[in-house]
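Colleague: TrEMBL lists these features:
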type	residues	note
DOMAIN	31-320	domain 'Gcp-like'
BINDING	119, 123, 313	Fe cation binding site
BINDING	141, 142, 143, 144, 145, 174, 187, 191, 285	substrate binding site
Ligand code: KG4
Ligand code: ZN
């Protein structure tokens with residue numbers, strides 16, 4: 001039995017400025033009291049990707065009013081909070097510093113404990129907020145910066161089973177979109193275009209298929225899309241739809257095949273997972289969600305798919321991860337440095353203790 005807790009979470013590692021207040025009741029069940037997200041897509045669209053300097057400046061401008069709004073919507077004063085959490089990495093260092101310093105400043109001024117949160121850990125724990133999932137589970141983390149399969153055994157206890165050897169899956173969606181003339185961010189555009197396309201028209205490669213280690217690779221798939229697009233250019237709308245559908249079908253197959261490989265690796269482990277949790281912006285993709293549903297029906301795993309708004313970057317996931325850590329007494333000092341790189345399993349690595 002826990003005491004009920006309230007935590008403010010701040011996210012600023014990439015191109016979303018976000019602040020949220022999350023509460024856990026005495027049974028440990030989570031509830032989102034507010035979740036304010038301000039996307040910077042418009043600021044970056046003209047450049048076809050996130051510009052770090054623009055992102056950092058936009059976070060500075062947006063964060064204070066956004067935190068005020070998150071507190072107001074939660075009907076909560078700073079004094080009512082039990083802890084302040086901020087993402088301390090991994091991500092674009094300028095943006096990370098904005099959120100981290102703001103979180104520390106609020107904690108210091110209000111005499112509240114401070115929790116430095118790993119952005120990836122926040123994605124990893126979101127399903128415990130939305131679906132009350134128990135450890136251990138298998139995490140598929142697919143975003144613009146990461147493609148990973150992780151055995152989640154407890155708070156702070158993560159075993160990375162596989163990751164990408166080149167592009168992240170979201171990056172592959174974004175690059176495929178760009179070379180087909182679709183605007184940034186490409187993932188949702190590719191999904192939309194694929195709805196009217198023929199997934200069997202182009203037989204694109206399924207990189208890493210059937211490999212034992214659950215690693216990902218997407219650069220070969222991206223190159224195949226580019227070569228095919230160049231071969232049949234100029235592209236009609238039907239061509240673009242068919243290219244998107246065929247690309248997405250390949251990406252879906254790769255993701256399911258890699259989940260299967262991860263499950264095989266863990267099959268004989270005493271911590272064999274009973275659930276599959278998807279997280280990261282790409283987990284908003286409908287075709288991927290449906291394919292994971294079929295995979296779990298076949299393998300008997302419980303499937304937890306947080307709603308799309310909680311799969312992409314948000315403040316609630318930071319607040320929740322902060323709450324889970326705070327509940328275990330895991331608080332951080334004011335000397336906790338921003339970490340542009342911060343592997344999920346680094347908490348167990350003694351070289352990462354304290355400052356980095
Ligand atoms: O987790 P996220 O919001 O930010 C980080 O990268 O941390 O993920 C953003 C990524 C982008 O690459 C975007 O194109 C992709 O997620 N994405 C999608 C979809 N929605 C967002 N990819 C495929 N289908 C979608 N519906
Ligand atoms: Zn993310």
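Including glycine, each Cβ sits where the backbone N, Cα and C put it.
Unlike curated entries, TrEMBL annotations are predicted automatically.
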Colleague: Looking only at Cβ atoms, how many others are within 10 Å of the one on residue 123 (Fe cation binding site)?
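Modeller: I get 32 for this one.
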Colleague: Using a 6 Å cut-off on Cβ distance, which of the binding-site residues 141, 143, 145, 187, 313 come close to any atom of ligand 2?
Modeller: 143, 313
Colleague: Can you tell which of 143, 285 has the least company, meaning the fewest other C-beta atoms within 10 angstroms of its C-beta, among these binding-site residues?
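Modeller: Sparsest of the binding-site residues 143, 285 by Cβ contacts within 10 Å: 143.
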Colleague: If you count the other Cβ atoms within 10 Å of each Cβ, which of the binding-site residues 145, 187 comes out on top?
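Modeller: Counting every other Cβ within 10 Å of each candidate, the maximum falls on 187.
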Colleague: Do any residues at least six apart in sequence from residue 141 (substrate binding site), in the same chain, have a Cβ closer than 8 Å to its Cβ, and if so which, in order?
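Modeller: Long-range Cβ contacts: 120, 123, 124, 147, 148, 149, 150, 279, 280.
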Colleague: How far apart, in Å, are the two Cα atoms that lie farthest from each other among 141, 142, 143, 144, 145, 174, 187, 191, 285, the residues recorded as binding substrate?
Modeller: 18
Colleague: Give me the long-range Cβ neighbours of residue 313 (Fe cation binding site): same chain, 6+ apart, Cβ under 8 Å, in sequence order.
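Modeller: Looking at Cβ-Cβ distances below 8 Å from residue 313 (Fe cation binding site), excluding near sequence neighbours, one finds 11, 13, 14, 16, 18, 37, 119, 143, 281.
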Colleague: For residue 119 (Fe cation binding site), list the number of other Cβ atoms lying within 10 Å of its Cβ atom.
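Modeller: Within a 10 Å radius of the Cβ of residue 119 (Fe cation binding site) lie 28 other Cβ atoms.
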Colleague: Taking ligand 1 as the reference and 6 angstroms as the Cβ limit (strictly under), which binding-site residues among 119, 141, 143, 145, 313 are close?
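Modeller: Among 119, 141, 143, 145, 313, near ligand 1: 143, 145, 313.
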Colleague: Beyond 119, 123, 313, what residues of that chain have CB atoms within 8 A of the centre of the Fe cation site's CB atoms?
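Modeller: What remains near the Cβ centre is 11, 13, 14, 87, 120, 122, 143, 279, 280, 314, 317, 318.
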Colleague: Taking DSSP three-state, what's residue 187 (substrate binding site) in: helix, strand or coil?
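Modeller: Assignment for residue 187 (substrate binding site) reads helix.
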Colleague: Give the helix, strand or coil assignment DSSP yields for residue 143 (substrate binding site).
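Modeller: Note: residue 143 (substrate binding site) is coil by DSSP, not helix or strand.
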